[in-house]
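Trainee: Here you go, one structure.
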Amino acid sequence: MSVRRTPHTVTQWVIFAAVTLLVTALVLVFARQTAALAAESDVSADGPEVDGPDADPDTEFPEETPESELLDDALDTASPGEIPATDTGGKPTPSRQSLDLSELSKRELFANVALTQGVFGGVLVAAAWWTGVPASALGIEWTAASVGLEAVAFGAGVGVALYVANAAAAIGLERIGVGFDELLRELLAPDSAREWAVLLLFVLPTVALFEELLFRAALIGALSTGFGVSPWLLAVLSSVAFGLGHGLQGPGGILVTGVLGFVLAAVFILTGSLLVVVVAHYVINAAEFVVHEGLGIDPRETLGSK
């Protein structure tokens, strides 16, 4: 889409670009902090062990003191999963520290969904409305191919194909020693029908809508329309940012997600439809949870061993 550029419209496009880049930077910073927090939690959970097959058999331990007996009694009377508050004058044990960090990391993940996905998405929509960015620049046109069932069906097909490709890529990368971190999926794994409903009907649609609005519609569609920059160049840059925004998934996850981002960018450029890539993104994420957490199937184990 071509736009008539006047000093006023150029200023409006610059404002929208600035807001978009700011939101992108905040998303990446928040993702980095979440990954760092998860790493700290893993380190705490894997704290030093003093009793096990690798422990030194000649190591002498002090005899129980009255204070330690009191602590043992307190632990014995605690409810399951509960650690009583006792003043031993020392630092928290690794197990107690890891429990706190694990809870904090989970809260951070839900904050990621609520803030970066919801609030930041609202900021982008408000900025697009205030600066007068055309809906067509964001991949929204009132045609069946853009917002109708045709777009939904095509997006679902793309999503299934990309999920299969993702699984194959994960198998290939693990064979050459490139690891993945599944902490994010494990922390969000539902334990009840209600949690499955929240995940599939609220969390994953919100994630798909916001990430496609930012990384495809705003960073590619709007900026290429407003500044005449090649959408393919913007696709490369946005895909790098998209991969880095998924650092919690480890080196393999960053690489696969970056490539996935470029494929979604290509689909967005070729179809001009935001809905197509939102549906594709949702299907990929939903299939990941349903197959791994719902059905208990890990394609890397079932297919990678053949």
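Just so it is clear, glycine is given a Cβ too, placed from its N, Cα and C backbone atoms.
Automatic prediction, not curation, is the source of TrEMBL annotations.
Pulled from TrEMBL, these are the listed features:
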COMPBIAS  48-75  compositional bias 'Acidic residues'
DOMAIN    196-286  domain 'CAAX prenyl protease 2/Lysostaphin resistance protein A-like'
REGION    40-98  region 'Disordered'
TRANSMEM  12-31  transmembrane segment
TRANSMEM  109-131  transmembrane segment
TRANSMEM  151-173  transmembrane segment
TRANSMEM  193-210  transmembrane segment
TRANSMEM  216-242  transmembrane segment
TRANSMEM  254-284  transmembrane segment
Trainee: Over the span of the domain 'CAAX prenyl protease 2/Lysostaphin resistance protein A-like' (196-286), count residues by DSSP class, listing helix, strand and coil in order.
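Mentor: Output for the domain 'CAAX prenyl protease 2/Lysostaphin resistance protein A-like' (196-286) reads 84 helix, 0 strand, 7 coil.
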Trainee: Name the range, of those listed as 12-31, 151-173, 254-284, that has the largest tally of Cβ pairs under 8 Å with the transmembrane segment (193-210).
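Mentor: If we count Cβ pairs closer than 8 Å to the transmembrane segment (193-210), 254-284 scores highest.
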Trainee: Please indicate, using numbers and ranges, the residues of the same chain that are 6 or more beyond the transmembrane segment (12-31) and have a C-beta under 8 Å from a C-beta there.
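Mentor: Tertiary neighbours of the transmembrane segment (12-31) are 112, 115-116, 120, 123-124, 127-128, 130-133, 214, 218-219, 222-223, 226-227, 241, 244-248.
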Trainee: Give the mean pLDDT for the domain 'CAAX prenyl protease 2/Lysostaphin resistance protein A-like' (196-286) on the 0 to 100 scale.
Mentor: 94
